[in-house]
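Now, the feature entries from Swiss-Prot:
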SIGNAL    1-27  signal peptide
REGION    28-327  region 'Nitrite reductase domain'
BINDING   HIS145  Cu cation 2 binding site
REGION    328-827  region 'Hydroxylamine oxidoreductase domain'
BINDING   CYS406, CYS409, HIS410, HIS471  heme 1 binding site
BINDING   HIS426, CYS483, CYS486, HIS487  heme 3 binding site
BINDING   CYS686, CYS689, HIS690  heme 8 binding site
Amino acid sequence: MLNKSAALVPVVLAFLFLFLCFQCLYADIRCLTGKDGAVHLEMEAKPLTIEPRPGVFFDAWGYCLKGDVPTVPGPVIKVREGTKVKILFRNKLTVPASIHPHGVKYTTANVGVNIAGNPASIVAPGDSRIFEWDTAGTPGTWFYHSYVFERGGEEGLSRGLWGALIVEPVGGDPNPPDKEFVVFMHAFNVNGQEYYAFNNKSGDIELMRGDSSAFPGETWKAKMGDKVRFHLINITEEAHTFHTHGHRWLDKSCDKLIDTIGLNPFDSYVLDFVAGEGVGKGNWAFHCQSQEHMMNGMFGIFMVEEGKRVNAVIASCDEGRKTLSAPGQDRQPPTLEGFSGAYMYPEITEKNMYESFAGLEKGDGIWGDYYSPIPLYTYFNPSRHYVPPESDAYTNLLVKYRPDQCVECHEETTPGIVAEWKMSNHANPKKNPHVSAETQEIEALIGKELNNWRPGTKDGVYCSYCHGSDHEKLFMPTVDNSCGACHPKQAAEFIKGRDHGRPNHPQSWEGNVSTPWYAEYYRRGEGYSMVGCDQCHQNMSSCDDCHSRHRFSAAEARRPEACSICHMGPDHPDWESYSRSKWGVIYETTKERWNWDKNLAEVIPGEDYLAPTCQYCHMYVGNNKWEMNVETKGIWRMGVIPPKEVEFKSGLKDFPYGIKIPPMDKKLEIYSAESQEKRRKWVELCSKCHSSRFAGMWLDSLDQYMFESWRRIDEAQLIIEKLFSENAIEPPPEKRPPFPLSDLIIKVLGAEKLGAEMYRLFKQTNGHLPVIGPILGAYSIFTQNEGNPGGIEREYAEMWFWSHLQGYKGAAHAQPDISWWWGTAQGVGNLTRIRDEAEKLRRLKSGSSSGF
């Protein structure tokens, strides 16, 4: 029988599969060009947990761009010499913090240290301020860090509050590298043991003793012949060295070839060499020469691979390339002919799994190589699967119509979509002054004039703008291949939903296909059973999920019904709870009087809208601003992640059981600094109609409702855990079918992604292990296979996945019937049945009938 840790696998694996984000660890460092000689950044300091070595966890603090997940090291800031850097810094820690730069120029008001007699320049918890630096005459590799000596802030350096600051010479880089890496030298103290590290990874010395399964520490990859640059920064109070196996470089200070360099505390150094030059491909160890430091983890592996060298694209500020690190910088206006966006999947690994064309030969995501999709994938995820139709009818129509007569031809073949398009702003981009003003902005962006369509013309946003002009190479419009060219602001705002963690709209398809039971259905020949999931979770790179084809109406997308097709049902009854709340009743009885043509930021509550809508509330980002995403203020998220504020007695108390995969690598913290900021924005929004006192009470009431519901879930989880430990559930895990996709879980994810303990359990049991509780225990609702899961497990899944979430939505949206009868009452009933069933199972186990 499995031990208790095995019984807790469900919660651990939940976040592993549904929220795993594959990222490349080596740096693609882009130069920030900014505007008018200045780069404007918004940065934050937040807590996080890092895993320097598998199974070793460190409570860190990290910097990040606004809304991003914090990292150690923080974001690389690379600018051209002479650029002004202005950073709006928000401190989301519980201790003071700052940003202090090395090397560049700044005033005493921007030093980031609380020196007596100078203006205060550290930032209290929850506060913000602007730091300004001048890089004129200061080229080089520097770094920035927190510089606080009071109220706990002095731990900033040891906790990870540092990042690289690179100033490129004013004349540019005459020999730019193909690959560029930043390496911080540091040590993390965990329970009294020092784990020496490059960046945030500490290698296992067993790798140096021939154990290929040992953790390699930090890894860097390059192709044979790549010009490689390493920026070394010693962020500790100890001296370190950096030694490269097989590679050497010219040290400019002595004009000699060397392969080892020493760095004093808080020193930096830059080295350049050619990958594999004279030594070939392979895995090369780079390490600190100090035996103690290397033995305790300060090494990494430089992987040189065969392959064609890619010319340098990363070092020069002259290129003006778009960078994700400076949202406000200029970029060249896209044109519809040449636009190739990178909003949805900027990372090459994600592109390969979700966007690179595969037709209908293979699926999507981490399991994509192991199933072939149903034909409807051509519409569910068109950027990867769309196949133009092959039909003799098209050939016959060409006799009657020219290839560019899209409207005339489709008026005969699909008149409905043409009629929709003719009513749209796409066909009538200058139908009134308001639309004309927006059209003028788009015309300037794309370099084309857009006039109202007239019969016989190709005016307006014609079919070819969104589908291409070649019918043989027809494509479906997505954010990346068309929408983002004319609507880059909306596209960028929409994609920001990813920054707040899953679930979110941009990654809805990823969440769908990454669940193990999804691909398992396909392997059983039952892929069509997942169509219900596919229709809501279809790739939202297509804007028509909210703006229906072919009107693409903003007014339609502002109405709450636009959300109802997906946001309904037992696990998220948003529509049921909103439409039957007092808000929904007011909306239903007065909606024809509302002004749907106004942008949300222009709406006057009580005049244009007589009650709130989904969009008005959830797209609000604070300070009287609305954006094209709904994730900004999510505190409880979907509602299935255990909160830190509840003292759990079941295995939920140990969540997340050592698995540390951002962003879902910890319990929710309902009263963290970040959550308090979200709460402030909610109260700010609600105060447009209610008193701030009432709004605060309502949010507090929702929190307490959820805490009480989680305590009932905790009791149910504990009951089932004990049943498994008592071997009272039949058939036991080892005698029933394994967890879905168990044979691939080990193969595809491996020890590095599963974690050492989970990897061992799956390998030891071949997937014959109990999986219960949030969130992978939801497989109980999606599948049933010869006793796996059992009835009591199904009952528990319905408790936390249906009853709990129904109550959550009812309480949040002020619908009393759903809050109580669909939520609390149902959850209590689930718990009662679980208690009764547990007693029956124990009696069966003991062989007693006890009156039955």
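Start at 1 and count along the chain as shown; that gives each residue its number.
Cβ from N, Cα, C; glycine included.
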Three-state secondary structure of CYS406 (heme 1 binding site) from DSSP?
helix
What's the longest C-alpha separation between any two of HIS426, CYS483, CYS486, HIS487, the listed heme 3-binding residues, in angstrom?
12
Among HIS410, HIS690, the most crowded of the binding-site residues [Cβ within 10 Å]:
HIS410
Applying a 10 Å Cβ distance cut-off over all chains shown, what neighbour count does CYS486 (heme 3 binding site) have?
24
Consider the binding-site residues CYS406, CYS409, HIS690 and say which one has the Cα lying nearest the Cα of CYS483 (heme 3 binding site).
CYS406
Among the binding-site residues HIS145, HIS471, point out the residue whose Cβ has the most other Cβ atoms within 10 Å, with all shown protein chains included in the count.
HIS145
Return the residues near HIS426 (heme 3 binding site), defined as same-chain residues 6+ apart in sequence whose C-beta is under 8 angstroms from its C-beta, sorted by sequence, else 'none'.
GLY460, VAL461, HIS550, PHE552
Compare the Cα of HIS471 (heme 1 binding site) against each of the binding-site residues HIS145, CYS486, HIS487, HIS690 and report the nearest.
CYS486
Give me the count of other Cβ atoms within 10 A of the Cβ belonging to CYS406 (heme 1 binding site).
19
I'd like to confirm something. Which of the binding-site residues, HIS410, CYS686, CYS689, HIS690, has a Cα closest to the Cα of the residue listed as 'Cu cation 2 binding site'?
CYS686
Around the Cβ of CYS483 (heme 3 binding site), the count of other Cβ atoms that are within 10 Å:
24
Taking each of the binding-site residues CYS409, CYS689 in turn and counting other Cβ atoms within 10 Å of its Cβ, which one has the fewest?
CYS689
Report the residues of the chain - excluding CYS406, CYS409, HIS410, HIS471 - with C-beta within 8 Å of the mean position of the site's C-beta atoms, for the recorded heme 1 site, in sequence order.
LEU397, TYR401, PRO403, GLN405, VAL407, GLU408, THR413, CYS463
Specify the nearest of the binding-site residues CYS406, CYS409, HIS410, CYS486, HIS487 to CYS686 (heme 8 binding site), where nearness means the distance between Cα atoms.
HIS487
